[in-house]
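> Sharing the features that TrEMBL gives for it:
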type: COMPBIAS; residues: 42-52; note: compositional bias 'Polar residues'
type: REGION; residues: 42-110; note: region 'Disordered'
type: COMPBIAS; residues: 53-91; note: compositional bias 'Basic and acidic residues'
type: DOMAIN; residues: 158-235; note: domain 'Transcobalamin-like C-terminal'
């Protein structure tokens, strides 16, 4: 028995050594696996944070972009408001270059001082638009389109275009029809020589110009000056066929 006792002890020592080695190996493996898992978790966490950061940045960018767009819209609106054309109490926009500012009839003083200007009345544009003319008016259109040839007329200091037209039409026995329009503080000429607005199309009517310029306000508000050249012309195309491209000049209804 003693003979085998040493062998048994040696075997036990070997077994214990192997067991210890096996245990230590497994522990290291577990530690390594845990380390890998921890690294993976850390990496995933970092990636998740990075993705979250990117999303947040994208959201901030969108918000900032939207803010910029809103800012530009507001700036555009403000600019639009700033550039809005202002009108006076009678809805008149700033006068074109070369046209005097309107003078209200109630504020005008007429004196006995005599001045002169020239006056003419024409409907020549109708001759080029006979197909649009009211059939009942064909017989009253002058062959040359001239209703009143240019003539020198006398007016009094402080008088308006309307004052002169009214007097001269009566003097020359030419029909004149008008209507007072308080909203524009002026008379509106509807017809001369029985030729009315809309008689030659939806864009037709009477306009006036002084010294080659079409005022953008009514004839009662235009104060005449000595030597003026006054022309009343009939348009069939809202002024474009008589030289006015503002689409609003001549007289305001």
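Cβ atoms here come from the backbone N, Cα and C positions, even for glycine.
How buried are these features, and what lies next to them?
Here the domain 'Transcobalamin-like C-terminal' (158-235) returns a mean pLDDT of 98 for the predicted model.
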> Under DSSP, the domain 'Transcobalamin-like C-terminal' (158-235) has how many residues in helix, strand and coil?
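Residue counts in helix, strand and coil order: 14 helix, 31 strand, 33 coil.
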